[in-house]
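Chemist: Here you go, one structure.
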Amino acid sequence: MMLLYYALSFILLPIYFIIILIRLLIGKEDIRRIQERFAIGKHRQVYSLDFLHNEANKERFKGDTERRTAAYTSVREDSSTGSTSKLPLEASYARSLIWIHAASVGESMAALTLISNISKRYPDIRFLVTSWTNSSAKILTAKLPKIAVHQFLPIDNIIFTRKFLKNWQPNLGIFIESELWPCTINEGARQCKLLLVNARISDKSFKAWLKRKSFFQLILKNFSKIIVQSERDLQKFNELGISDAINLGNIKFANEKLPVNQEELSKLSSHLDNRQVVVFASTHPEDEEVILPIIKNLKEQFLDCYIILIPRHPERVKSIIDNCKSHNLSATAKSQNDLPVLSDDIYIVDRFGEMGLFFSVATISFIGGSFKQGGHNILEAAYFSNCIIFGPDMSKNTDIAKGVLQNEAAIQIKNGEDLLTKLTYLLSPNNSLELKAYRENALKFVENNQKVLDEYLQVITKFL
């Protein structure tokens, strides 16, 4: 079966190239890094000069001037990006490289949490983080510490995968959640032990894998350990023939609080002047179809209410502004004005990495992707004690949604009319105590679930 997949991956190469080209044309690929899709990367190893300057590592190189000089001269400056890239050290010095694959934005935040906590225990370890989407790449490039580097995952073909693995030679691979690339996983397991963490299977994928159970088992046998995020997912894995998976809960419960620039927060808070801020976060066009028609009504009822919209894909900003105009709403993007135009109906945040800043000033946050896409990360807003609202489709975050609802830490709505009713109720001064309770419960929920991270680390560190 795997040989058949390998053969198909060659037959389908022209289609892969066309897909990459289309993604490039619509702005979903970075032309400056397109070579990484073919395992041609400027970063050949993740160690940097600080690794060589480390006292412990100076000791390792002591008395071996030739290798020390080679290590130093292998570090070069990439003038186009300003990043430091490096040729591989000898295998004996490249033994502490962890490769983490995070498909998209949510998984990337979990990767950052793992890196932060593993590096505290093992300061000599370095990290390679791969992802597939441009949005996750931008976040990771901005947030990764010096001990880590990001690269796009190459096309799932044996030629590119083997070249990628030869370049990096990781010593442990960690795949987060549900993106299973057969060739990458099969070849990766030949290089090092692989772990699948925070694993989940959507209902749709589960039905598809049931028809290809033997192939699913063939892919999953490459993992030395599989940790799922819920009892429901554990049951699905068991039904698919994976009997040794364990459930430790959702690592997204342990995501670290999003960073906030305190100077910018001070300016923003002062500018908003105690207005009640409602944030619509990680929105898709399907969400905006529901949200935009109710905003005029909401603002007419609550003059001190201000709306901030943060699209999942900021490159859609022009179409969102046009859509606002069609609903007779005025809107300004952050790229046009660094602070909200208070006379406008909506402020659109079209920059990455600023979600924490706007959650900091929000009273209520609606989590996008929850009408048709299965929902996005609820917990990021919970860390900022926001009253959280989400739509009817949380199929990708079922257990988190169930948990917050059971703890009265969030509200689920059915449609636009229901959303307007809930927002009107919560923003009414008569219901301020109930609003306060939802906000407090959201923060308590994430604080009480921090133990999940410790349990994950106990398992992961056994493979270091």
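Using the three backbone atoms N, Cα and C, a Cβ is placed for every residue, glycine included.
This is the feature table in Swiss-Prot:
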{"type": "ACT_SITE", "residues": "Glu107", "note": "active site, proton acceptor"}
{"type": "BINDING", "residues": "Pro311, Arg312, Phe352, Gly353, Glu354, Asn377, Ile378, Leu379, Glu380", "note": "CMP binding site"}
{"type": "DOMAIN", "residues": "47-93", "note": "domain 'RPE1 insert'"}
{"type": "SITE", "residues": "Glu177", "note": "site 'Transition state stabilizer'"}
{"type": "SITE", "residues": "Lys252", "note": "site 'Transition state stabilizer'"}
{"type": "TRANSMEM", "residues": "2-22", "note": "transmembrane segment"}
Chemist: Would you kindly give the Cα-Cα distance separating Lys252 (site 'Transition state stabilizer') and Ile378 (CMP binding site), rounded to the nearest Å?
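Modeler: Distance between the two Cα atoms comes out at 9 Å.
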Chemist: Using C-alpha atoms, which one of the recorded positions Glu107, Glu177, Lys252 comes nearest to Phe352 (CMP binding site)?
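Modeler: Its closest listed neighbour, by Cα, is Glu107.
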Chemist: Rounded to a whole number, what is the top Cα to Cα distance in Å among the residues the record ties to CMP, namely Pro311, Arg312, Phe352, Gly353, Glu354, Asn377, Ile378, Leu379, Glu380?
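Modeler: Greatest Cα-Cα span of the listed binding residues: 18 Å.
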Chemist: Cα within 10 Å of Glu380 (CMP binding site) is the criterion; apply it to the recorded positions Glu107, Glu177, Lys252 and give the hits in sequence order.
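Modeler: Among Glu107, Glu177, Lys252, the ones whose Cα sits within 10 Å of that of Glu380 (CMP binding site) are Lys252.
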Chemist: Fewest other C-beta atoms within 10 angstroms of its own C-beta: which of the recorded positions Glu107, Glu177, Glu354, Glu380 fits that?
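Modeler: Across Glu107, Glu177, Glu354, Glu380, these recorded positions, the one with fewest Cβ atoms within 10 Å is Glu354.
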Chemist: If one looks at the chain holding Pro311 (CMP binding site), which residues at least 6 apart in sequence have a CB under 8 angstroms from its CB?
Modeler: Ser282, Thr283, His284, Val317, Ile320, Ile348, Val349, Asp350, Gly368
Chemist: Using only C-alpha positions, which one of Glu107, Glu177, Glu354 is spatially nearest Lys252 (site 'Transition state stabilizer')? These are the recorded positions in the record.
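Modeler: Nearest listed residue in space: Glu107.
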Chemist: Counting every protein chain present, what is the number of Cβ atoms, excluding its own, within 10 Å of the Cβ of Ile378 (CMP binding site)?
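Modeler: The Cβ of Ile378 (CMP binding site) has 27 Cβ neighbours within 10 Å.
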Chemist: Please compare the recorded positions Lys252, Phe352 by how many other CB atoms fall within 10 Å of each one's CB, and tell me which has the fewest.
Modeler: Phe352
Chemist: Give me the CA-CA distance between Glu354 (CMP binding site) and Glu177 (site 'Transition state stabilizer'), in Å, as a whole number.
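Modeler: Counting only the Cα atoms, the answer is 24 Å.
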